[in-house]
Every structure is written in C-alpha cells, then in structure tokens.
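A.B. asks: Below are the features I grabbed from TrEMBL:
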type: BINDING; residues: Thr57, Asp58, Asp59, Asp296, Asp298, Ser299; note: Mg(2+) binding site
Amino acid sequence: MRKRTLNHIRGCLAGGAVGDALGAPVEFMSLKEIRDQFGPDGISEYAPAYGRKGAITDDTQMTLFTAEGLILSRVRADKKISTSLVEFVYQAYLRWLSTQEQTEKDHMIQQYGVCTMVDGILITRPELFSIRAPGNSCLSALKSGHMGTVETPANSSKGCGGVMRIAPVGYFLPPDQVFDAACAIAAITHGHPTGYLTAGCLAQIISGVSHGATLPEAIRYAVQMLKTKSGHEETLAAIQAALRALKTAPVSPETVETLGAGWIAEEALAIGLYSALASGGDFGKGLRLAVNHSGDSDSTGAITGNLLGAVLGLEAIPEKYLTGLELLDTIEELAEDLFNRMADGGKQPGAEQ
Ligand SMILES: [Mg+2]
C-alpha cells in the first residue's frame with residue numbers, strides 16, 4: 001500500500017518532532033543518570049527542556065527548513081527560475097542560521113514585521129528564534145559563506161546533523177533522485193562521506209516506505225544504493241550492526257548502546273533503524289528505545305520518529321505526545337505544503353486517505 005498520503009507525511013514530520021522532544025531532556029545524560037531520574041524504564045513522558053515540556057530542538061528546526069527549501073524550489077521552478085533545489089535548501093538553512101543569531105531576531109521580525117523580503121514562512125515565526133543545542137558543523141559550515149558539496153566538502157564532519165534533518169527529501173522527489181539529492185543537501189554542512197551517505201540512506205528508506213515497501217524491504221533497497229557509492233563502508237557496517245543486533249540480542253537499552261551513542265551519523269542511523277524495527281509497530285515503544293541511552297537522544301529519537309511516522313501514519317502517535325508538542329501547527333502546515341508539492345502530485349485522485 002502506498003503511503004504517500006498527507007496522513008503519513010504528517011506522521012513522519014510530527015513523529016520526528018515527538019522523538020526530538022522526548023529525547024531533548026536526556027540528550028546529555030548517561031543511561032544510568034536517565035534511570036536514576038526517571039525510573040528503571042527510563043523517560044517515556046515529556047519532561048522540561050529549554051523551559052517547557054514538549055520542546056523541539058535543532059533537529060526539528062532544521063527538518064522544517066529542509067522542507068521549506070524543497071517547497072520553495074518548486075514554487076520558483078513553476079516560474080522557471082533556474083536555481084537548483086540544493087541551493088534553495090541552502091538558502092533555507094541560512095535563514096535557520098539567522099534564527100540562531102539573537103541579533104537577527106530584531107532585524108528580521110521587528111524591522112520587517114510579517115516578512116515579505118525573505119523567502120518562506122518559518123523566518124516569521126518567533127518561536128523558531130531559539131537556540132536548542134545546534135551542531136557546530138552546521139553552524140560553522142553555514143557561517144563560512146560557502147555552500148558545501150560532495151565534490152568540495154565544507155569540512156570532514158560526520159556528525160549526525162546531516163541525517164537528522166533529511167526526512168522530507170524522501171517524499172519530495174521521485175525514488176531515483178532521492179539518494180543523491182539527500183546526500184547533496186547533507187553535504188551542505190557535512191563533508192565526510194558518512195555524514196552525507198547516511199542521509200541518502202534515510203531519505204531513500206522513507207521514499208521506499210512511502211511507495212509501499214515494508215521497512216525491511218526499504219532498508220534492503222537503500223543498502224543496494226549505498227553500496228554503489230564511494231566511501232560507503234562505515235555506513236554499511238553500522239546498518240548491518242543494527243540488523244544483526246535485532247537477530248542476536250534481546251530488545252533492550254543495553255543492546256541499543258552496543259550500536260554507539262548517535263553523536264556521529266552512522267551510529268544515529270543505526271540506532272534509528274534498530275529502534276524502528278524493534279518497535280513491532282508500536283510508536284511509543286520505538287521511541288522509548290530510541291531515546292533511553294547514553295547518547296544523542298533527541299537526534300536518534302527524531303530519526304526513529306520520522307521512520308515510524310512514515311510507516312504508521314499520524315494516528316499511530318499517542319495523543320499524549322501530540323498534545324503539548326511545540327510548533328505542531330507549523331509542522332502540520334509544512335507537511336501539507338510538502339504534500340501539495342510532491343513530485344508525483346500529492347493532489348492526484350486517490351493519493352489522500
Ligand atoms: Mg538536537
């Protein structure tokens with residue numbers, strides 16, 4: 001069954017944000033510290049982070065800007081402007097960068113009001129002008145004034161900042177264009193092959209699921225694509241470790257920790273895939289696995305939430321997680337815009353369910 005419906009896109013984007021928000025309070029805590037504070041089962045309800053419960057972080061901020069860059073590329077393409085899709089996303093990331101510079105808030109919002117001089121709606125949302133532990137690779141690459149590419153890398157970073165923001169690409173383009181476009185978009189800020197090939201994999205997996213593949217089938221196809229790319233060995237080994245752990249170890253936080261901590265891209269992807277596969281189709285279970293470990297809990301939560309939302313749709317997300325999720329209205333707005341601008345026409349009869 002095709003899952004290129006508004007319901008599934010909302011599930012993917014909101015699911016990622018829910019995972020981000022659940023993981024945010026424990027991002028910098030060890031598994032022992034998490035259990036000491038939240039009990040033996042770890043965190044399973046929103047807890048305060050950044051001054052509120054249900055706070056999203058840089059992972060969701062940047063995912064929204066990825067979506068906005070893609071959407072605007074199509075708006076302008078309709079008007080026959082030749083700037084590439086990747087450059088539109090780069091411009092969107094520069095707008096995100098301006099949200100991280102407190103002085104820019106005054107410039108953008110107070111000077112221009114409802115801003116018509118800067119592309120996009122996100123830059124007009126005061127809630128996005130908030131610093132939520134952004135990654136150094138993202139900040140420094142975007143401040144450099146040069147757009148990183150696969151051919152001319154911005155740096156040698158393989159932090160998870162490239163993969164954790166890439167999910168919208170899986171919906172936006174035809175399947176044969178997804179992998180390379182996702183790599184190019186991640187390479188804007190992450191120049192190590194593992195930093196962008198992991199993004200290619202995640203976007204390709206979401207694309208596969210949206211076209212009716214099961215999650216294991218979509219992973220197999222993405223791995224086939226990955227194997228054709230130069231520098232793929234690390235990413236491949238991490239995916240294989242996640243699949244092996246499913247077969248050989250009990251489903252537990254300790255098993256998650258054998259896959260790494262998720263600060264680097266291949267570990268974040270491995271934990272995301274493992275948690276989604278081990279969830280048995282239970283969104284809450286998958287998310288608890290994804291965030292209760294001694295690592296980058298919000299990013300691994302975001303990746304797992306993207307995957308499970310894409311597979312299960314919005315209705316699989318427990319209401320307690322949607323209630324109180326920061327910026328849910330903006331997330332849903334972007335999901336609808338993305339749906340309406342998908343390459344194969346989200347508005348085709350029968351595409352909505
Ligand atoms: Mg984060």
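Residue positions begin at 1 at the first shown residue.
Placed from the backbone N, Cα and C atoms, the Cβ positions cover glycine too.
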A.B. asks: Take the Cβ of Ser299 (Mg(2+) binding site) and count every other Cβ within 10 Å, whichever protein chain it belongs to.
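C.D. replies: Here the count is 33.
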A.B. asks: Show which residues of the chain containing Asp298 (Mg(2+) binding site), separated from it by at least 6 in sequence, have their CB under 8 Å from its CB.
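C.D. replies: Gly19, Asp20, Ala21, Gly23, Ala24, Glu27, Thr57, Asp59, Val291 - these are the non-local Cβ neighbours of Asp298 (Mg(2+) binding site), listed in sequence order.
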A.B. asks: For the binding-site residues Asp58, Asp296, which one has its C-beta crowded by the most other C-beta atoms within 10 angstroms?
C.D. replies: Asp296
A.B. asks: I'd like to know which of these binding-site residues, Thr57, Asp59, is least surrounded, judged by other CB atoms within 10 A.
C.D. replies: Thr57
A.B. asks: Please list, in sequence order, every residue of the chain apart from Thr57, Asp58, Asp59, Asp296, Asp298, Ser299 whose Cβ lies within 8 Å of the Cβ centroid of the Mg(2+) site.
C.D. replies: Asp20, Gly23, Ala24, Glu27, Thr60, Arg132, Ala133, Cys160, Met164, Ser297, Gly301, Ala302
